[in-house]
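Working notes, beginning with the structure itself.
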Amino acid sequence: MSSSRPANSSSNPGRANQNARVVLTTLDAKIHADFEESGNSFDYSSSVRVTSAVGENSSIQSNKLTTAYLHHIQKGKLIQPVGCLLAVDEKSFKIMAYSENAPEMLTMVSHAVPSVGEHPVLGIGTDVRTIFTAPSAAALQKAVGFTDINLLNPILVHCKTSGKPFYAIAHRVTGSLIIDFEPVKPYEVPMTAAGALQSYKLASKAVNRLQALPGGSMERLCDTMVQEVFELTGYDRVMAYKFHDDDHGEVTAEVTKPGLEPYFGLHYPATDVPQAARFLFLKNKVRMICDCRANSAPVLQDEKLPFELTLCGSTLRAPHSCHLQYMENMNSIASLVMAVVINDSDEVVESSDRNSVKSKKLWGLVVCHNTSPRFVPFPLRYACEFLAQVFAIHVSKELELENQIVEKNILRTQTLLCDLLMRDAPLGIVSQSPNMMDLVKCDGAALLYKNKVYRLGATPSDYQLRDIVSWLTEYHTDSTGLSTDSLYDAGYPGALALGDVVCGMAVVKITSHDMLFWFRSHAAGHIRWGGAKAEPDENHDGRKMHPRSSFKAFLEVVKTRSTTWKEFEMDAIHSLQLILRKALSVEKAVAAQGDEIRSNTDVIHTKLNDLKIEGIQELEAVTSEMVRLIETATVPIFAVDADEIVNGWNTKIAELTGLPVDQAMGKHLLTLVEDSSVGTVVFLLALALQGKEEQGIPFEFKTYGSREDSVPITVVVNACATRGLHDNVVGVCFVAQDVTSQKTIMDKFTRIQGDYKAIVQNPNPLIPPIFGTDEFGWCSEWNQAMTELSGWRREDVMNKMLLGEIFGIQTSCCHLKSKEAFVNLGVVLNNALTGQISEKICFSFFATDGKYVECLLCASKKLHGEGTVTGIFCFLQLASQELQQALHIQRLTEQTAMKRLKTLSYLRRQAKNPLCGINFVREKLEEIGMGEEQTKLFRTSVHCQRHVNKILDDTDLDSIIDGYLDLEMSEFRLHDVYVASRSQVSMRSNGKAIQVVDNFSEEMMSETLYGDSLRLQKVLADFMSVCVNLTPVGGHLGISVTLTEDNLGQSVQLVHLEFRITHTGAGVPEEAVSQMFGSDSETSEEGISLLISRKLVKLMNGDVHYLREAGKSTFIITVELAAASKRES
């Protein structure tokens, strides 16, 4: 199937996105060139429209233009005058380039600070260390020795001549070290130590607000983010921008000071944020413009340098003139922008490293505007960057939730497809409800079948539709269909004549002459701006660059386009295409399908039975292994039922608490825990019984017997819901870790005020892995247990930055798996440093030997004797080998159950389609004359097919077992039900040479009754099947039926049926009989079948009994039905 735009191709989304961005970069270059050439006469709106058209329809003659544009972006030599810049050779510390304002800012003499000797001169070749005080020079020299110098930003330095403080922000580029110097304002308390933790403190309140938000609402998340940034930074306006799939943007949240025009709901063209700028946002997560009206300072470079310096990574890099003009037009004099970067689900970069690296994607921006010049110090900008990273993690989680909703929509669509197929194919999809418009979101749909057009909703006229078919036949001959969001861009000549009603189209061919169409109107019709009500032209010149002009230009660009067709929508359309093709081909070959009815049914039965046997056997094996592990485990394991009564208590938990197993069983769990833990346990049980499983929750048990005088037992538990056979929660199982000794040590740490080294460095195996930092984030503790766990010696890590150097994602000692893990670690450390109670979190890293260590991390503040915070202690809790094995078995069990569930769900859905085909063939065969014997066989086949359908529909076994199933009542002949049931065991009974004897009168079997015939048929077939399986070769099977009538007044006549199925042999095992009567919790394949059948019989006001006699056994099945003849009278 073809697509008119590469960006819409579903075959390779990553490659398509890349191609689209190349096109957009060309458009960006053209607009930039137009602006530079036109100056004040630049017409923004028309430029966007013209370049959009040219970019997509003309040959690329602008390679030179694009190259020049990108060179201009990367090699610009201007900075903002709020600070200055130096480029330094790392080996000699000599200056290679400097901004024109650097000498004045860094070497100007201050009369308030006395100086001795000659004043340093700043120029090409000057040693940068001579400009600053000795401690500052030493700090710069130390920073150069770091592999990742960004970890040390900002570096506080003081000028030698003036004594003025500056923040030095350094980064490496090819051939030099670029250092931005930003003055520390007089009102600002300078940050005396570098490191992320110092900056993270500034954003702690905002981070906590985001962390506390419940999931499920992207709107609430964005609103909270802009509000927190608004309060944190003090800008006049804060907005959240989201980039859509076609790269156009939308303001999804906004907070402003009173009196400012709102921009909420604004959409703007993709070219408003150029692709080059987006690329830079992936590298530099925060961008500040202090004053768009200030004159930029040029950077002077050593003419002897063999290369050009790039300032892309500079915090002071000057904005481009086009952007400055845009800012001034909207009266935004200063801005601060934070990038929201997430993993790109469409692109994965393969790596030979221990991890594959997912490429990053710019989801959107958080943008701050101010109506007057504004400077934000680097520490606060660093805090904003951290906040944006936390926000990005939550955005990713919300997107995952949205993807789950999409998956549910796909399941809904698959159900709808089966429903559509049950109709008169293919006309039923347009003549009945639901119809083909319900399959995907659209404004209209049409079916071209046998040269006749059937239309639904907003569609082209019959003449226009046939014109589209002619165009498809001429230009897309080899394609089975086409999807486009713009018929105009796809090259359809009559697109403009269709107007706004039809812009996008998806079409598929059923046959060479029959087609399905879906249509969408223009995207602008669905877009509303939530800003001020005034028309753009009333207040603004549409030619100028302004948000309203952007919105107007965007509407102009998308007026011939619809919303794009999602990949899952096209999958649904393709599925319907394939199903209809099959249905139409079946119609042409009805005669050849007669024998296929029985074979398809047998195949489905065989697959279901094989799957059921395999799944139950595998689950039984895993269950047995789990029971053995629990009984012999050296970790505490206990369990409760749905009433919170203890029904599991292994040896280890009995040993720890002093409460024997026999005394613990039957007690309420809340009576066994300390009063201080009751609230925690109640909350934990409530979640677990709802199926919401929690991990790493601490609480305390009381002690009994010989341990009654001991301290309470502290455990950390993982709670997992115990589920019954039908996936209902029947209890909770707790796998625990005894942390009493660890808690004792931690309590001792919080009380200690002197020398703690004797505890931390103690090689006792009871001491857990411990590491710590000072208040600035430098590693100050690393005990022996941590050395053994990580492979890094104490002397290797001491005085290194914990975030970045020790735990990081690039050149760190202990490699973390993802940026998200790094940000989460920063959040935990920040919470501990600010004195907040932090719960244990899952923490993982790679040791030196490549082993992946998984553990729980608990961070707590370290206090000085006077109570001041001096750093952080971190404790790691490792799962024992037995617990790890138990958790591994648990994961395997869950994976096996999920695999079986998915397979059964898939098989159920797939079985529907051939059954629908069989149903279609049956209807055609009914139109063909058949003999009497053929008719009897045909009717038996029909009943068996309906039986299979009913089995596939009866997936809610809980309703059957609990007696809530609604029976489907209809008239039927007892003979038909019996023959259909008997036919299902005939092949097996013949194969075992079993003599089957029927004992009933033909007159009785011809009775017409009223009840649920299919479920009665299922019951009889199940009991007959069990008997045939247990009857030995050459054995005997007798089936007798008796019928008695009971008059209830004149209008109702009840019929009592009794079936006796007698078989020779050993009989049904006692376990299966117990399972049939529900007295055994364990359920085998045979047992569940008997249990469900007995429950169905109970719904028919009957029951099942099983009698054992010498050499034979009998099932006695009684049901109560109504006589159809009396009912009619």
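Using N, Cα and C of the backbone, Cβ positions are placed for all residues, glycine too.
The feature phytochromobilin binding site is assigned by Swiss-Prot to C322, with similarity to another entry given as support. The annotation domain 'GAF' is assigned in Swiss-Prot to 217-399. The domain 'PAS 1' annotation in Swiss-Prot covers 622-692, and the record cites sequence analysis as its basis. According to Swiss-Prot, the domain 'PAS 2' annotation covers 755-826, on the basis of sequence analysis. If you look up Swiss-Prot, you'll see 906-1123 marked as domain 'Histidine kinase'.
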Helix, strand and coil totals (DSSP H, G, I; E, B; other) for the domain 'PAS 1' (622-692):
40 helix, 12 strand, 19 coil
Around the C-beta of C322 (phytochromobilin binding site), how many further C-beta atoms are within 10 angstroms, looking at every protein chain?
17
May I have the DSSP-based helix, strand and coil counts for the residues of the domain 'PAS 2' (755-826)?
23 helix, 16 strand, 33 coil
Averaged pLDDT score, the domain 'Histidine kinase' (906-1123):
80
For C322 (phytochromobilin binding site), what is the secondary structure state per DSSP, taken as helix, strand or coil?
helix
